[in-house]
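Enquirer: One structure follows; several queries about it will come next.
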Amino acid sequence: MQIPIFIATLLCTIFTIYPALASGTAAAQLNSCPPLIDEAGVDSSNWTLFPSLDEALACNHKPRLLDFTIHYPLRPSGPGNVLRACTSYQGEILNLTSEKNTSSLARNTQTKSKLELVWDDADERVIVPQAITALKELQSFLLTGGYKVRQAIFSQYGDTSVGVYIGDKVVPSSIANVVIEALVMRLGESGMPKRLGVQLCGNGRNSDYTSGIMIDTTPGAASLINAQVAVGAWSNATCIDGLQHSTNFGSFLVDTFKDDTAVSRPSNSSTSKLSKRAECKTIRVKSGDGCGDLAQRCGIKPADFTNYNSQTKNLCSTLIDGQHVCCTSGDLPDFRPKPGPDGACATYTVESGDFCSKIAAANSLKVEDIESFNKNTWGWSGCKLLFDKAVICLSKGDPPMPNPIANAECGPQKPGTKKPEKGTDLADLNPCPLNACCNIWGQCGVTADFCKNTTLGAPGTAKPGTNGCISNCGTDIVNNKSPPSSFMSVGYFEAWNQDRPCLWMDVSELEKRSELTHVHFSFARLTDSFEVDVSHVSYQFNKFKKLKGPKRILAFGGWVDSTHPTKYHILRNAVKMENRLQVAKNIAAFIKKHDLDGVDIDWEYPGAPDIPDIPKADEEDGKNYLGLLTLLKGQLGGLSLSIAAPASFWYLKPYPINNIAKVVDYIIYMTYDLHGQWDYDNKWASPGCPKGNCLRSHVNLTETMGALAMITKAGVPSTKVIVGITSYGRSFKMAKKGCVGPMCTFLGSSTESLARKGVCTGEPGYISNAEIENIANKQATWWIDESDSDILVYNDIEWVAYMSDSTKKRRISKYQGLNFGGVTDWAVDLQKFGKLENSVNGCDQEDKCEDTLDSGPAGYFILNSFASIHTTFKSLWQTVDKVENGMQSKLDQLVETFAPDVDESSEFNLIADFLGIAVGMFAAPLFGKTSHTVDIKDLIANTASWGATLAKDIQNSKREIPKSKVAGKLSEISDLWTESIEAFTEKAFRGDDESVDLIGDLIADGKFNNDELTFDMSDLVAGAVEGWKANKEKNGGGFLDLTKTSNYDFLLEDNPSEVNIRLPGFIQIPVCSPERARGGWKSFDSLSSSQKQKVFEQLPYYPC
């Protein structure tokens, strides 16, 4: 058994060790996929709106249906499109109420039609199942009633896009059941080329009788753009060409609506299709019609048609889709819509196949009229950029309310918004939380994409390529006119840092950090009954209380206690109305009892809907949190109260941060972790990076400034904002060696980082400044960008962004100049290696023991011995900390059991003696390996006898001992142990002649090459029996008097490098005959719990 395990095992015979949980950080991964069609319905006006093709295609791992205008070319990237989408799985659609036909079969005409197949050459990258899936989704959709109000629909899955156009007179179910089914069979048999289309066009067909299907597998946005071009051509009654091959696909029976049936798509005009008064009867022109086709539809001769329409000059060469023409004599009716009696303009809702000249022709207007009527219409971007589902004016009058956008959260298009009183600015409706910017699509945000007003003149508009802004625009920091009374420097201390393999700091070291004004000790916990618990970090907490200089602030919460499946409920319950007062009283009482300066609450995060592995938070969390903070501030009196708040709009918006700022003394603003592995596949995470996997700094200055603007715009004075800086980096595994620039990407997934772990932090994607500096000293390539961060690339593909000391100084100066209240560093124990850590975990991170193999066996064994010595010291030092934490966690039980108000206390004698001998037990095997026997024995004897004296002071008091006194004595003992280890380590590795001699003796003869101290059961039994014999065959003989240094000569006389555990009095296991032990056990089993407790009190050496 190794020495650290040996001592930990012995100490654990009395105390239980509870390791502290490490803190972590996370951020939300927002879903890039729209809702399922069974949630959104078949009406595309209720689908999610995407303003850019990048965003619409981000969810390419799921099949989606898309609807958008077909005559306005899609922009390949950036805002300026309007695409509505829903996620679709074949079966989800079929579960909806469907219509097999829009008219009875008796009123349809069935015609055998020849279809053409066109395609490009095969591409080995094509995934045939994607094409079949996308096609099947459209097939299912065509079998529902949702298609009857549109001519075109699209689907997209992976790299495959499919577009379908069906003319007004073609029955959609006929195309679905006949043509698409045949196409699916062909793909299954022959595979999928790069592009493939089937079209029913030409031969005198106008757009009413034209149909087509285009499947395109070109990677990226091009596939959907190509599908749009094909659908647009069919809408104009034009066959597509330009593909490499064509052939006859076959003849199919296609159903069409009879000419005498009503048009399947209702007109927005209140005027009927055939007008009778003093005017002629009319029909409307369709794309592909000529004058001869129109005469045939009217049922008249071409000469009569020309005569009836003689008032229109050059009619046959200027026909426009939607135009009215006469089929009889008389004047052409006036189809111009009239304003309403309330002064509102006549309105029209734009459809996907519309364009201005078509709308104008259908309503006896000129394009110029439409432009004039809509100068003040919401979202009117002109006839050059007409959006599907837009509500526009077709007459003079007051502009209308715009149609709702299903996913809008601000502005007039938020679902459920009613038309306001006349004179109300629509842009002021439904402002964003935190006074964030609202863009023209009804989305809230704080970056320039949301906050820059680029209006084209009409309200609710933006220049192409931008998202514009309609309210609370701008990204300037506000509320910062006056400086704080003093600039704070807060340092978070991770009290669990000794649980990691290396990079340990003792909180007492912070007294030397004169620049710190506040130390936040993280983290205390609340129990389920809302009691304050620091037992898991008691060793450091006891030292923290004694700190002199900086304000001592006890922090609660953190990522683990806020989000762990077994812990998250505590903070959520703590803020509820029925619990708040008790929580506030308990926390305040604890702070006052331990004479601390204040409390910090780090709840991550109230109201969050998407924390993994735990239920969605209550929307009332933010309001409830404010209630708790208000009560807690009252209980604390003049002591400090602060909270930690996220620098993410998504997570900050549930906070009533303006009102919270009025209650707390300051806000720790976590302006870090702005990016991380969790960004992967999150389209919102990084501007210009649709998949979210671009290498971006988590402490980007531009984004930090945006976050500072957000919180000050929300109403928080700058003087109450303590801005975050970091002593750690966020790291990634680069996808491509040598890549430079903002579009370089990283590997992994949203939940798995492939970045190299730090040897101390041990978490992929998270690495301390100390570890980074260690790497940079060995190998470094520096990446330069505009983030005002330090970016290191090592091992060719390991990328990490962090803040060096010089960057921190630059940032601090900037924040101070902007009148912020101070800075907060997470975390001070991540900055540098401690005095025991000249190397990491016994070895430098880059210099491994194996690296010395080429220098011969001596070099290898020497370095290996150094590593073993260092690791031993480290483990001993950590063990003391963990053991005291275990002691403190059981302190109530300790006082009750070992400090009774009686004269004879065998139990307490036992522990007191044990505490004294413990140092000798582990120090002798460690230090006794040197030839400097006298010095080592003196060190052991002096140290152990001091501990024994402390223990005897407790023992000899023979009265009820206050809990605080026991805790203090235990702390003194553990302090002595750790200080002794530190002092000896420093001396051993100092590098002078004496330390070289000492280390040389230590490693001589291979004593520290994987040497282990072991003992077995026979040693324990023999030692117990020797003590029993020495005490005249009685138990309870006790330990040696270890306050006398002379007794160490006896303990170490056989071998100065070992404690002989067989010596009398060393092992205190009860000794008796087997019969007596069995009898004791047998009688014990029949006792009640209280009786069993009395047995332990009266018979400390039970069962003997």
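A Cβ is built for glycine as well, from the same backbone N, Cα and C atoms used for every other residue.
It should be emphasised that the depicted structure is a prediction, and the values quoted were computed from it without experimental measurement.
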Enquirer: If you check TrEMBL, which of Cys432, Cys437, Cys451 bonds to Cys444 via a disulphide?
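Expert: Disulfide pairing in TrEMBL: Cys444 with Cys432.
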Enquirer: Among Cys410, Cys437, find the residue that TrEMBL gives as the disulfide bond partner of Cys451.
Expert: Cys437
Enquirer: Identify, among the disulfide-bonded residues Cys432, Cys451, Cys469, Cys473, the residue whose Cβ has the fewest other Cβ atoms within 10 Å in this structure.
Expert: Cys473
Enquirer: Please report the number of other Cβ atoms within 10 Å of the Cβ of Cys444 (disulfide bond).
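Expert: Total other Cβ atoms inside 10 Å, all chains included: 24.
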Enquirer: What is the separation, in Å, between the Cα atoms of Cys432 (disulfide bond) and Cys469 (disulfide bond)?
Expert: 12
Enquirer: When DSSP states are grouped into helix, strand and coil, how many residues of the domain 'LysM' (346-394) land in each?
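Expert: Residue counts for the domain 'LysM' (346-394) by secondary structure: 14 helix, 6 strand, 29 coil.
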Enquirer: Helix, strand or coil: which one is Cys444 (disulfide bond) in, per DSSP?
Expert: strand
Enquirer: Would you mind listing, in sequence order, the residues at least six apart from Cys437 (disulfide bond) in the same chain with a Cβ closer than 8 Å to its Cβ?
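Expert: The list for Cys437 (disulfide bond) reads Cys444, Gly445, Val446, Phe450, Cys451, Cys469, Ser471, Asn472, Cys473, Gly474, Thr475, given in order along the sequence.
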Enquirer: Can you check what DSSP calls Cys469 (disulfide bond), collapsed to helix, strand or coil?
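Expert: Reduced to three states, the DSSP call for Cys469 (disulfide bond) is coil.
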Enquirer: If you run through the domain 'LysM' (281-327) with DSSP, how many residues end up as helix, strand and coil?
Expert: 18 helix, 6 strand, 23 coil
Enquirer: Taking only the residues in the domain 'LysM' (281-327), give me the average pLDDT of this model.
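Expert: The predicted confidence over the domain 'LysM' (281-327), as a mean pLDDT, is 95.
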